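K.L.:
Next up is a structure, given as structure tokens.
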């Protein structure tokens, strides 16, 4: 087991010696919730700028005043090369897909690597490199680079290192929280996705009209800086500070902190007993021996709990169904993420910056949807049914948004929030609470070594859908935006069908439970 960072060791030895275990656990678990929240918020913030900058790379040049000598026969004369040709939409679709397909492929590897290395180093390295490659895309404007391969390479590298985020944060947080109220805890925590999208949009839109390089450089600096914080303050496992893992078997006993020793209570001893204790030879306590014993116990535990293989994780009940469902659910969510500002820009009179800001209301709905899905899952114990209900309602709501979003700003905002709730609710629940539950499934007998692998399988499969969606949207939007929405609605239908078996099983179990309760009352 990796050691706690030096900064945490210093805090433990100086401030936490006399703090009760329960209070320490609450403090550390709260800190881990906050730090992992900020960590993945920054990952999403760093991948959002491209959806905002698209409106500048490929905009309507008919509204621009051409400089003298410009060939105005081309409708793309004002765009940034190489996006100044008729295939600009396709090129932007390829850039999106480069990031997303790379991210999806790397995700399957990332989970297995995360199970076998120090999560703190794993995450901090990924964050610093994500910041570097995010800024790399924007520096193409600064240095006037017009090769499409440069931008594809930047997105390829960014997608590869971004895959470090999800398995790392889900595993680290799941190690601190058990299954009790996990849906609510993770639902609130998963607000980081939408908040990161909103922050990324606002930061990018602040610079997009006059220097879109900063739309990438500023988020890059932020995520890299947070990576340094993670390096010094992340505690991936409670055992690092001598606290129990809530997912461990009941009979397991946590290793006590090395800085402490148990001091017997002698306050009730008589004077004679106290004198006898003082006169007796007491065996000296060796902190070196205690540390050796603790390390030995940790190694024994690690030997018993080896990391799970890819195919073993795939065979955990429910992993395949939820993975394939997430393929379609994430396809829908990421198509909105990458193309919603462009859709609003094309179908309203708003400029690039206003269209980007207006699209953030979809993410506001996503925040609400994640929490609502978590609450419903906790209260009913029916995760698949919760997802199914939201998917059923999402299908007609997307059609309603397509037909009525252009009426006025108020209607557009209201419909975006509702669609955001219904689209991101299932996506949020599957990637967080469901992944954590399956990663600590009873068939694993208390092992915590499957969390990163399971979450990477589920989110990796979903990320393939996230790559396919924007690619299809780029191809379909050139002819008619209606086709994009029909594709999204059909995807939700497939996601719903893939959960049919799990939903049916949950409903049957609930009906059997009700019948048993009725008979017991009689």
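Even glycines carry a Cβ here, placed using N, Cα and C.
Annotated domain 'Major facilitator superfamily (MFS) profile' per TrEMBL: 35-507, in sequence order. The transmembrane segment annotation in TrEMBL covers 91-109, 121-142, 148-173, 185-210, 216-235, 349-376, 383-401, 413-438, 484-504.
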K.L.:
Any residues 6+ beyond the ends of the transmembrane segment (413-438) with a Cβ under 8 Å from its own?
P.N.:
166, 170, 173-174, 177, 179, 182-183, 186-187, 189-190, 193-194, 316, 318-319, 322, 325-326, 329-330, 332-333, 336, 358-359, 361-366, 368-370, 372-374, 377, 383, 386-387, 390-391, 393-394, 397-398, 400-401, 404-405, 451, 454-455, 458-459, 462, 492, 495
K.L.:
Mean pLDDT for the domain 'Major facilitator superfamily (MFS) profile' (35-507), as a whole number?
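P.N.:
In the predicted model, the domain 'Major facilitator superfamily (MFS) profile' (35-507) has a mean pLDDT of 82.
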K.L.:
Which residues of the same chain, at least 6 past either end of the transmembrane segment (216-235), have a Cβ under 8 Å from a Cβ in it?
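P.N.:
For the transmembrane segment (216-235), the sequence-distant neighbours (Cβ-Cβ under 8 Å, at least 6 residues beyond its ends) are 4-8, 28, 31-32, 35-36, 38-39, 42-43, 45-46, 48-49, 53, 119-121, 123-128, 130-139, 172, 200, 203-204, 207, 241.
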